[in-house]
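*Asks:* The following feature annotations were taken from Swiss-Prot:
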TRANSIT   1-56  transit peptide
MOTIF     84-113  motif 'Q motif'
DOMAIN    116-307  domain 'Helicase ATP-binding'
BINDING   A129, K130, T131, G132, T133, G134, K135, T136  ATP binding site
MOTIF     251-254  motif 'DEAD box'
DOMAIN    341-503  domain 'Helicase C-terminal'
REGION    594-642  region 'Disordered'
COMPBIAS  605-614  compositional bias 'Basic and acidic residues'
COMPBIAS  621-642  compositional bias 'Basic and acidic residues'
Amino acid sequence: MMLGAVRRYGVVHALRASVPRTICRPSNSQLLRCQTSPVTACPQSVRLLHKSSPFFSSASAQAQAQPDDLQSAAPQEPLREFTDLAERGLVDPKIIRAIVKDMNIKTMTDVQSQTLREILQGDDVLAQAKTGTGKTLAFLTPVFQNIMKDPSLKGLNWRRSQASSSDIRAIIISPTRELAEQIAVEARRLAAHSGVIVQTAVGGTQKREGLRRIQREGCHVLIGTPGRLKDVLSDSYNGVTAPNLSTLVLDEADRLLDDGFSDAIIDIQRLLPDPMKVDRQTLMFSATVPREVMQMVRKTMKPNFKFVKTVRDDEVPTHLTVPQKYVILRGYENAMPALLEFVTKYVEGEKENPNQRPFKAIVYFNSTVQTNLVYETFRNIVEQRHHPLRRVRVYEIHSQLTQARRTRSSDFFRAAKSAILFSSDVTARGMDFPDVTHVIQVSIPRDRATYIHRLGRTARANKTGEGWVLTHRGELPEFLKQLEGIPLNLDKETFATATVDMTKPELDPKSPATRFIQEIKDAVREVPESLKRRAYTSLLGPLRGYFARKQDLIQAINNCVVHGYGLPVPPQLSPTLARNLGLDRVPGVRIANYRGSSDNMSTRPDYRGGDRDMWASNSRRGREFNSDRRESRFGNHRNADDFFGGRRRAYRDDY
């Protein structure tokens, strides 16, 4: 271990790593002072150790562990400007040039100021930091510095790299493709003048293509998701190895473990060099520090790791400060008209109020099929030449898109001035989209934590934002129970479309809601019928436990697909699926009989109702699509994307 430290960090760092530390038990006031203010100085040789300290807490709804081995960082002279790092000889000037000149970032965030010095000293560090606080640059900067000072890589040339596939010095593990790609974008900007080569290994992309790129260009920093990283590193024939790995980073550690990646992370570590033979620094960044994270810390980090807490105990969480409202829908079929009404009124209001921020929203759904269906519907609307929303871009992100498509959606939405991103939960954590004015959640979220993380995509970087939830009246008791204590206010005035009975044969022509309902009906006709049928099935699973009676749930979903999506009757379920969902004896469920169709409907209402003529007048148009559309396993998608260009590839699942 000493030899590895000498080789990698020099004699001073090796001595620092090996000399016994002075341990003292500070007072509570000392602990708080060390956590909240980096200005107060204390001897560097003193390392604070606390046991069940009162300042170790989290705003997370999860039960928090009270670990007894968290070692707090000792405060020193503060770092405020990135140029300070170069002036004090802590970071190579080429890295600082990329940050200050190219990225135009001069002043550090609190997270960067509090973590950079500790990480640059070579210690293993567990940092508790929220997303959107600059933590990516906080770990990338020392990662690059470690590479730049590695004597075996002297002569790095940004004009001509001589890296190989076995030159990997840092591996960064991220829970999602989107976050991994986001980190990679920032890493490549940081590498502009250094000669450091950044590569990615994420699910949803062509593995062979990624391997060839690493083999052709080499790699110093490999960023990826657990499944693909394990796949790449476990292949002994591809030549991608990390025999001299100096840094391992786990970003969003709490989510990595929440998503069940613990075993994959352990497997990845087994594929890396023995840390007793090749010394490496391990960094973990996590918004919360539950027991699962501490268990991973003990398996991964050195015993003398540092804990840097950048979340103040008195800091009010986003979900307690952002204005939040909920709207009660008469039926699920009211959701799309309500969305259209809200967006249209806001955009039209921008003309009257030039100081109003451009509308930029993320709309969350609980299923990928719902996400795709609503995206296709709104896309048909914004493509209309004279529609008020013609200048609003629309994008979709969910796990059934290829990684290339998801990356393009993220990039375009991030850069857009006014846009709507229809998303599943793949963007709910860690993703940073600037200037998001609204987060709108359709239907009850899976759990309280999901609601909070989704809401966190707005009101970032000292900007304001709003949160809205459109919930069915049948979900209301469970919704209020789930989000008890969160300052949600009932809104009864904004949406004229929310309470309209769309099951009636005729709509009131004088109602302001009729305009939006009719626009949705016209647009959804162009959506493939196969996608609508799958949307019906996708609603059954997530909503099954939220209604008091299964019959009420089936009635609500049947109304949605008939009066909202325009299907003549609700789709049939296979006998096996109906039985597995416990719906085989529920009135209103149509069960397929493969000898000939039969229904299990004790009372079979006329689902075509008064809308029959409205839908029938364009039934042929609703079934026949332009030649530039084709059927895929996830629905009938356009062959070319007006906003992105290029051909849509087949969908792939996440690792």
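From the backbone N, Cα and C atoms, a Cβ is placed for every residue, glycine too.
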*Asks:* Among the binding-site residues listed here, T131, T133, T136, which has the most company in the form of other Cβ atoms within 10 Å of its Cβ?
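*Replies:* Answer returned by the neighbour count: T136.
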*Asks:* State the residues, same chain only, that lie 6 or more residues beyond the ends of the motif 'DEAD box' (251-254) and have a CB under 8 A from a CB inside it; answer 'none' if no residue qualifies.
*Replies:* 60, 131, 135-136, 139, 172-175, 179, 183, 284-290, 292-293, 296, 429-430
*Asks:* When neighbour density is defined as the number of other C-beta atoms within 10 angstroms of a residue's C-beta, which of the binding-site residues K130, K135 has the lowest density?
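*Replies:* Comparing Cβ neighbours within 10 Å for the binding-site residues K130, K135, K130 has the fewest.
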*Asks:* How about long-range neighbours of the motif 'Q motif' (84-113): same chain, 6 or more residues beyond its ends, C-beta under 8 Å?
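*Replies:* Result: 38, 78, 120, 127, 129, 133-135, 137-138, 141-142, 144-145, 148-149, 158, 189-194, 310.
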*Asks:* Counting each residue once, how many in the motif 'DEAD box' (251-254) are helix, strand and coil under DSSP?
*Replies:* 2 helix, 0 strand, 2 coil
*Asks:* Can you tell me the mean pLDDT for the domain 'Helicase C-terminal' (341-503)?
*Replies:* 94
*Asks:* As a quick check of your reading of DSSP, tell me how many residues in the motif 'Q motif' (84-113) are helical, how many are strand and how many are coil.
*Replies:* 18 helix, 1 strand, 11 coil
*Asks:* According to DSSP, which of helix, strand or coil covers G134 (ATP binding site)?
*Replies:* coil
*Asks:* How many neighbouring Cβ atoms, not counting its own, are there within 10 Å of the Cβ of A129 (ATP binding site)?
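*Replies:* Taking every protein chain into account, the count is 23.
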*Asks:* Around the ATP site recorded as A129, K130, T131, G132, T133, G134, K135, T136, what other same-chain residues have a C-beta within 8 angstroms of the site's C-beta center?
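*Replies:* Close Cβ neighbours, site residues excluded: T109, V111, A138, F285.
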